[in-house]
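Visitor: The domain '4Fe-4S ferredoxin-type' annotation in TrEMBL covers A:65-94, A:111-140. The [4Fe-4S] cluster 1 binding site annotation in TrEMBL covers A:CYS74, A:CYS77, A:CYS80, A:CYS130. Sequence annotations record features per position, and here TrEMBL assigns [4Fe-4S] cluster 2 binding site to A:CYS84, A:CYS120, A:CYS123, A:CYS126.
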Amino acid sequence: MEPLTSKKKVLEQKPLSFAERMYLPAIFKGMAITISHFFKKEATIRYPEVQREFSTNFRGMHSLKRDEEGKERCTACGLCALSCPAEAITMIAAERKPEEIDLYREEKYASVYEINMLRCIFCGLCEEACPKEAIYLDGPIVPSDYLRKDFIYGKDKLVEQPLNKK
Amino acid sequence: MDIAFVIEKFVLVAIIFGISLVIAMYSTYAERKVAAFLQDRLGPDRAGPFGILQPLADGVKMFMKEEIVPSNASKWLFMVGPGLAMLTACIGTAVIPWGSPIAIGDRIIPLQVADINVGLLYIFGVVSLGVYGVMIGGWASNNKYSLLSAIRAASQNISYEIAMGLSIIALLLVTGTMSLKEIVDGQHGWRWNVLYQPLGFLLFMICSFAETNRAPFDLPECETELIGGYHTEYSSMKLGFYLFAEYINMFVSAAVMATLYFGGYNYPGMDWVLANTGPVIGPLIGTGVFFIKIFAFIFFFMWVRWTIPRFRYDQLMHLGWKVLIPLAIANIVVTGVVIAVIEGF
């Protein structure tokens, strides 16, 4: 058969020398290596108490942002839903009533805003598409759950806490 | 035999039994911790501070588990196996001198249950009995893996007992006695036997690893080939007994090695300490030193376990018969010649 590589090195098995057949030097060498690890810092992170820090460009759970006066920024333009490659976002737009002026920044707002976390691939395209800087993937890891319906997150889970409630 | 003697021995037996059980319990914890540290991990740290309640949690778990006896097992032997393993592991502690005698008033209490003049042979006999627990358990399970493991354990023990016995003969040439008490007293201060018998100690230690079924000689329970080995079919506290017996064996063989080769409760400067601390505290310090040596050996056992891979079966037999036995015989000859020359025939 034609050789698959141009490597020509022939490995030959030499019989063990007397020192190697003694085993003990090799064993002591191995034990020196293991004992050196005894004093090294352990790599374990005690998870529930200590959490590993995310990298700065980590994308976690979405949050819908409020502006400086605590009004919701989202204007229900639908660009996020359009940009979403996984089609995870659905929304229903509504018109702002005069008494709701403290709640929503624009005249139009999303009365229903749902993200299906099982569909979402956390690519961050919604974040990039948003003209109002209303959605960011700056939350923690989405927790697990038992039922599929519980993974559809509505505004109750997505919208940031109002300013005065912090 | 006066009643005080009986009480004294009974208390001593109870204390030694309790200590060896506690040490075996915490050896399981120490094993996991040592393994973890050697592998840059943390080990058990959830039960209690630093996980020190882990052995209790494990014990409770063992007791709570369902007890399963395979339908084709030999019921009686299946039950005897773990008990025998535990018994043979525990009785080895009887002849080990734990410290120099304590004097309370005019009464002198030796810290040794029985100072028999063939103590060394007794230890040797008890250690070889240990294989019966494994063999009976493996055979009674009616499982081919268990049986294979039992056969391996038996042949391994037979092979390594010879080298062990031969290395002890060289030690006898040096000490001239079989009583463990006298062997220890002969190693006063710094005159430890390991300085006179380094090769003998090495052989004895390797054989102890094999006799206690510890890595790298843990073929009877190698998980990759034989599932759990001889305790594959065991569950609940019967399994616990087997695992426990292994750790007690380790404790006993660590104690024997410390006694025979590392001076037992002797340490440099012990005369000064004994003279200045009184008849009770002084011997107890010696006992403490003895336990430090034992713990060092137990740590060594674990350290080796997490360093060296397991021997293949033919390598095991090759090492036992073709390397250790000739070396042990050569050791006897050299020791005998040297002693003859020194003593001028």
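Using the three backbone atoms N, Cα and C, a Cβ is placed for every residue, glycine included.
Curation does not apply to TrEMBL; its annotations are automatic.
Buried or exposed, and what's around them? Tell me for each listed feature.
Guide: For the domain '4Fe-4S ferredoxin-type' (A:65-94), same-chain residues at least 6 beyond its ends with a Cβ under 8 Å from one of its own Cβ atoms are 102-106, 108-117, 119-121, 123, 125-126, 128-136, 159-160, 162-164.
Neighbour list (A:CYS130 ([4Fe-4S] cluster 1 binding site), Cβ cut-off 8 Å, at least 6 residues apart, same chain): A:LEU79, A:CYS80.
Under the DSSP three-state reduction, A:CYS120 ([4Fe-4S] cluster 2 binding site) is assigned to coil, being neither helix nor strand. Counting every protein chain shown, the number of other Cβ atoms lying within 10 Å of the Cβ of A:CYS120 ([4Fe-4S] cluster 2 binding site) is 22.
Helix, strand and coil counts under DSSP for the domain '4Fe-4S ferredoxin-type' (A:111-140) come to 5 helix, 8 strand, 17 coil.
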Visitor: Give me the non-local Cβ neighbours of A:CYS74 ([4Fe-4S] cluster 1 binding site): same chain, 6+ apart in sequence, Cβ-Cβ under 8 Å, ordered along the sequence.
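Guide: Long-range Cβ contacts: A:LEU64, A:TYR109, A:ALA110, A:TYR113, A:LYS132, A:ALA134, A:ILE135.
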Visitor: Are there any residues in the same chain, six or more apart in sequence, whose C-beta is under 8 angstroms from the C-beta of A:CYS77 ([4Fe-4S] cluster 1 binding site), and if so which?
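Guide: The list for A:CYS77 ([4Fe-4S] cluster 1 binding site) reads A:LYS108, A:PRO131, A:LYS132, given in order along the sequence.
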Visitor: Using DSSP with the three-state reduction, classify A:CYS84 ([4Fe-4S] cluster 2 binding site) as helix, strand or coil.
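Guide: Coil, per DSSP.
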Visitor: How many other Cβ atoms sit within 10 Å of the Cβ of A:CYS123 ([4Fe-4S] cluster 2 binding site)?
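Guide: Looking across every protein chain shown, the total is 15.
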Visitor: Around the [4Fe-4S] cluster 1 site recorded as A:CYS74, A:CYS77, A:CYS80, A:CYS130, what other same-chain residues have a C-beta within 8 angstroms of the site's C-beta center?
Guide: A:THR75, A:ALA76, A:GLY78, A:LEU79, A:ALA110, A:CYS126, A:ALA129, A:PRO131, A:LYS132, A:ALA134, A:ILE135
